Amino acid sequence: MGHFTVVDYVIFAVLLAASMGIGLYYALSGGRQRTTQEFLMADRSMRCLPVSLSLIASFQSAVAIIGVPAEIYTHGTQYWFIGCAYVLGLLIPAHVFIPVLYRLRLSSAYQYLELRFSKAVRICGTLTFIFQMVIYMGVCVYTPAFALNAVTGFELWGAVLATGLVCTVYTTMGGLKAVIWTDVFQTIVMFAGQLAVIVVGVHQTGGVSEVWRKVWEGNRISALDLNPDPTERHTFWTLAVGGVFLMLSLYGVNQAQVQRYLSARTEKEAVRSCYMVFPSLQLALALSCVMGLVMFARYCGEDPSDKLGTSSRDAMVIYFVMDMLQGLPGLPGLFVACLFSAALSTISSAFNSLATVTMEDLIKPHFPAMSEARATLLSKVLAMSYGLVCLAMAYLTHLMGDSVLQVALKIFGMVGGPILGLFCLGMFFPWANSVGAVTGLGTGLSVSFWIGIGSIISHSSGTKPLPPDCSSSFLSGNTTTVTQLSALSNVTLSFYSLSYMWYSAFNCFTVIVIGLIISFLTGPMKEQDVTPGTIYPLLGTLFGFLPARLKKKLCCVTPLGQTVFVISDN
């Protein structure tokens with residue numbers, strides 16, 4: 001069932017060839033990627049449209065295309081409320097993080113940490129980011145390969161190697177320009193693939209009204225759940241409020257995204273690209289959610305996991321696609337191309353941003369006299385090395401058993417949350433010092449791994465969700481687990497069952513609170529010691545009503561510098 005035809009293989013091969021072609025084009029045109037500025041920063045010459053499409057592609061990975069429909073199919077449309085978090089999750093980076101980082105003319109977001117605190121804080125931030133992205137890349141490469149293998153019998157490690165190597169080649173050859181333009185191409189393929197599946201799926205299920213009837217009867221349309229319980233997996237609060245912190249850790253301080261903003265021609269273009277992401281992200285979320293509903297309408301009452309030989313909900317999505325599109329030559333190939341596009345765009349962003357931070361934060365400071373040609377060559381070698389590390393991580397992902405959407409968001413919450421906390425501590429609290437920053441980050445990471453690993457261990461005994469029934473009363477498998485845990489009324493267990501959507505917020509506040517306490521104990525930073533332009537005047541705005549003398553004492557008068565400061569590693 002569901003084996004590829006020749007046409008499908010051709011479409012899939014064209015996608016890989018086109019991505020390689022874009023890499024080659026930028027390797028041989030323009031400045032030919034001879035300088036680190038061009039290779040890593042695209043010469044700071046990008047316009048807002050390609051930057052915004054690239055921002056979507058690097059976040060909208062194969063994890064979302066497979067994970068979101070599987071989530072909606074199993075648990076209903078509650079997850080859709082995360083769209084509310086996109087509003088603040090993009091407005092705050094556009095008006096807080098981009099102005100501060102862009103005006104400092106940085107190459108790496110972590111250079112900010114040295115300007116604001118010290119070299120030690122910069123290195124800690126860089127290493128944390130490298131750790132986060134290497135793990136996430138493994139999930140991104142493995143997801144489409146696993147799903148493809150489960151349904152079409154396509155060789156699993158063959159697919160992993162093809163994805164990893166194609167991506168490594170065009171990222172190494174074409175630099176950030178190639179990454180951004182392949183992202184644009186891959187975003188279009190991604191939307192086309194999802195749209196094709198939805199249109200055919202609705203048609204084969206019996207039309208829009210039939211799909212609606214089935215999902216309504218199956219209680220898959222979730223009402224607004226205002227339950228304030230933080231252990232409930234998905235409620236309006238966990239998604240709309242917890243989701244904001246997740247978005248900030250992605251769109252505010254993640255190097256893969258910051259590098260896009262910094263490659264824009266002007267600060268205005270960077271802010272505009274952030275605004276343009278919003279409608280496209282809502283569209284991407286809507287397509288994935290509708291696909292999950294169509295999938296439910298098609299299979300309600302039956303459990304295809306026996307035919308699949310795996311109970312993975314993620315493989316179910318691919319099974320549904322192949323089932324819908326078989327007999328329509330070329331369309332299964334288009335969807336698989338759409339999946340791999342999503343994976344390629346995410347990991348190429350990761351390779352490039354990892355090469356940038358390793359070069360700018362770990363190598364250049366120690367070898368200031370390195371020639372431009374050698375630095376560019378080394379950047380390319382780094383991009384390639386990370387490509388190979390990513391293939392090793394894909395094997396480790398293979399050994400983990402959670403839903404891919406949850407694994408990916410857990411990684412961002414566990415590691416992205418503390419990094420977000422570190423940047424917020426520096427930007428909003430002028431008296432925070434570097435001892436506080438390092439201690440805060442260390443504590444935040446320790447707490448986040450304690451909760452994260454504890455939740456994986458305590459939930460691993462949960463039973464698999466029952467096959468969705470058309471007229472079932474709506475209760476997700478996860479809710480059952482939480483109910484069982486609550487029955488134990490063990491404080492530690494309920495601490496571990498904190499919804500993974502709160503990880504970012506919880507870890508961010510841990511870093512800020514510990515960082516401020518340690519800063520006050522070790523002697524807060526004085527205003528004259530703070531590098532101009534590194535503080536966003538949040539406190540000055542909030543406490544505008546206070547007398548000037550008191551404001552000065554609180555050290556909250558530093559305005560956001562209009563001047564350009566350049567950090568030199570020489």
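Just so you know, glycine gets a Cβ as well, placed from its N, Cα and C.
Nobody curates TrEMBL annotations by hand; they come from automatic prediction.
Per TrEMBL, the features are:
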- 6-28: transmembrane segment (TRANSMEM)
- 48-68: transmembrane segment (TRANSMEM)
- 80-102: transmembrane segment (TRANSMEM)
- 123-144: transmembrane segment (TRANSMEM)
- 156-176: transmembrane segment (TRANSMEM)
- 188-206: transmembrane segment (TRANSMEM)
- 234-253: transmembrane segment (TRANSMEM)
- 274-297: transmembrane segment (TRANSMEM)
- 334-357: transmembrane segment (TRANSMEM)
- 377-396: transmembrane segment (TRANSMEM)
- 408-428: transmembrane segment (TRANSMEM)
- 435-457: transmembrane segment (TRANSMEM)
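By the Cβ criterion (under 8 Å, sequence separation of 6 or more), the transmembrane segment (48-68) is in contact with the transmembrane segment (274-297), since 3+ such pairs are found. Here the transmembrane segment (80-102) lies next to the transmembrane segment (274-297) in space: the count of CB pairs under 8 Å, restricted to residues six or more apart, reaches at least 3.
In summary, the transmembrane segment (408-428) lies against the transmembrane segment (234-253): three or more C-beta pairs, each 6 or more positions apart in sequence, are under 8 Å. For the transmembrane segment (156-176), the residues of the chain that approach it from at least six positions outside its boundaries are 16, 19-20, 22-27, 33, 38-42, 141-142, 144-146, 148-149, 182, 259, 263, 340, 343-344, 347-348, 351-352, 380, 383-384, 387-388, 390-391, 394, judged by C-beta separation under 8 angstroms. The transmembrane segment (334-357) shares more Cβ pairs under 8 Å with 123-144 than with any other stretch in the list 6-28, 123-144, 234-253, 377-396, 435-457. Tertiary neighbourhood of the transmembrane segment (377-396): same-chain residues 33, 36, 39-40, 134-135, 137-139, 141-142, 145, 160-161, 164-165, 167-168, 171-173, 347, 350-352, 354-356, 358-359, 363, 370, selected by CB-CB distance under 8 Å and a gap of 6+ residues from either end. It is 435-457 that, among the stretches 234-253, 274-297, 435-457, forms the most Cβ pairs under 8 Å with the transmembrane segment (123-144).
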